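Undergrad: Can you keep this structure in mind? I'll have questions shortly.
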């Protein structure tokens, strides 16, 4: 009697486990992710592309020494060995006339802290640090708060 | 052979006689000839105005333009090469060179822009020539589509308005002074005013 009971329980457990295993082989098993509630095998329709506004109000910094964000579109603005369109407005000689923000003095120092006569090569490619902002909601919650001095 | 000459002679006598028929025929021939010439001329001009035509010699440029606003935009209105360029004054410059000498033409092509390196070297010079041309005609080609009179500053972004309502409105500057590289990658700009 005891033997039979053990055998039945065991076989039932195995059936259940293998059943789970099979059902979890496929799909997302009901787990929702950033991708949405879509089975793995299905290619979900893409979200619409986010648009960068032509111009927006200056976006405030969230932490000290944050590279300021770009508050305007930069479509086809060339930054190459030949030309740097950003500097044609943001360099010290042009900024005032163009109503643009001057680049920071930190951009004239090289990595040995030597002050150069012009923009340091390590600062030349503006988009390494400065980026445009589209109107996109954060995908995951975030409890980040600005430091007191910037609030 | 002889009958043709005879027929022509007959035709000529009709034309010479001051009759209504002669006037009619002359008018008709003038009209037909004009039509044919106009048609051929236009077809020729249209053929030389297409992007495929320019890409025969300017392939790298045609490839670059695809990222820019005048190639693809929300309204689907395009500016093609010939909208912005008098295609190096076709009628006189190139065609005369072809006529003058085929070798010279080949030399002309093979010399200046046929390799990426040569184009790179020559590009600043060509760009300078275009800027000079557009400065002289007050950016006529841009203004064919963009009319300053109808620019609505309340629709433009503040950065645009700031420049358009001042330097552009006063005529102190013209479109290409500020919009260099609007359709192309730029050549070395280190010696160009406003970029150094």
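Each Cβ is built from the backbone N, Cα and C atoms, and glycine gets one as well.
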Undergrad: Can you dig out which of the ranges B:21-41, B:42-62 TrEMBL describes as transmembrane segment?
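TA: Checked against TrEMBL: transmembrane segment maps to B:21-41.
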Undergrad: Considering the heme 2 binding residues B:81, B:84, B:85 given in TrEMBL, which of B:184, B:190 is annotated for that site as well?
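TA: The one candidate that TrEMBL places in that heme 2 site: B:184.
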Undergrad: Which residue, of the binding-site residues B:81, B:84, B:142, B:145, B:178, has its CB surrounded by the fewest other CB atoms within 10 A?
TA: B:145
Undergrad: So of all those binding-site residues, B:81, B:85, B:145, which one's Cα sits nearest to residue B:57 (heme 1 binding site)?
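TA: Of the binding-site residues B:81, B:85, B:145, B:81 has its Cα closest to that of residue B:57 (heme 1 binding site).
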Undergrad: How long is the line from the C-alpha of residue B:178 (heme 4 binding site) to the C-alpha of residue B:146 (heme 3 binding site), rounded to the nearest angstrom?
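TA: Distance (Cα to Cα, whole Å): 15 Å.
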Undergrad: So if I measure Cβ to Cβ from residue B:179 (heme 4 binding site) and keep only same-chain residues at least 6 apart in sequence, which ones fall under 8 Å?
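TA: B:142 - these are the non-local Cβ neighbours of residue B:179 (heme 4 binding site), listed in sequence order.
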